[in-house]
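Chemist: Reproduced below are the annotations present in Swiss-Prot:
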CROSSLNK  Lys29  SUMO2 cross-link
DOMAIN    19-94  domain 'RRM'
MOD_RES   Lys29  N6-acetyllysine
MOD_RES   Lys41  N6-acetyllysine
REGION    16-29  region 'Interaction with pre-mRNA branch site'
Amino acid sequence: MAMQAAKRANIRLPPEVNRILYIRNLPYKITAEEMYDIFGKYGPIRQIRVGNTPETRGTAYVVYEDIFDAKNACDHLSGFNVCNRYLVVLYYNANRAFQKMDTKKKEEQLKLLKEKYGINTDPPK
C-alpha cells in the first residue's frame, strides 16, 4: 500500500484532472444508490449529486476522495453502457459551468454602454 502511494506521488496528471466528475447521458430514473454501485468500484466516493430538475435530468456529479480514483473512473466509465445509454464522463470544469452566466452578464453590460453612449444597433428602415 505504501509502495502504491509512493508511485502515485511521482505521477504528473494533466491539469484538467480533478476529483469531481461530471456525468451526462444518464437514464432519467437512475438513483444515487445505483450511481454508488457503478462508480464506487473505482474508489471511495465523498459525494454524488444526481440531477432531478428538468434542466439537470440525466446528469450527475461524482466527487471522489482521491484524484487517481477519479481519473481511473473517468478512463474506464466513459462510454459505459447503462440501460442502453452510453455514459459521457468528463472532469468538472468550473469555468465551463459559469460560462453562460458570464455571457449574459457581458450582454447586459454591453447594452448599458450602448445606452450610455447613444449607440443604436437597430438596422435602418
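For all residues, glycine too, the Cβ spot is worked out from N, Cα and C.
Source: prediction; values computed, not measured.
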Chemist: Just to verify a number: CA distance, Lys41 (N6-acetyllysine) to Lys29 (SUMO2 cross-link), in angstrom, no decimals.
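Modeler: Given the Cα positions, Lys41 (N6-acetyllysine) is 21 Å from Lys29 (SUMO2 cross-link).
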Chemist: Determine how many residues of the region 'Interaction with pre-mRNA branch site' (16-29) DSSP places in helix, in strand and in coil.
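Modeler: DSSP composition of the region 'Interaction with pre-mRNA branch site' (16-29): 0 helix, 5 strand, 9 coil.
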Chemist: Taking each of the recorded positions Lys29, Lys41 in turn and counting other Cβ atoms within 10 Å of its Cβ, which one has the fewest?
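Modeler: Per-residue Cβ counts within 10 Å for the recorded positions Lys29, Lys41 bottom out at Lys29.
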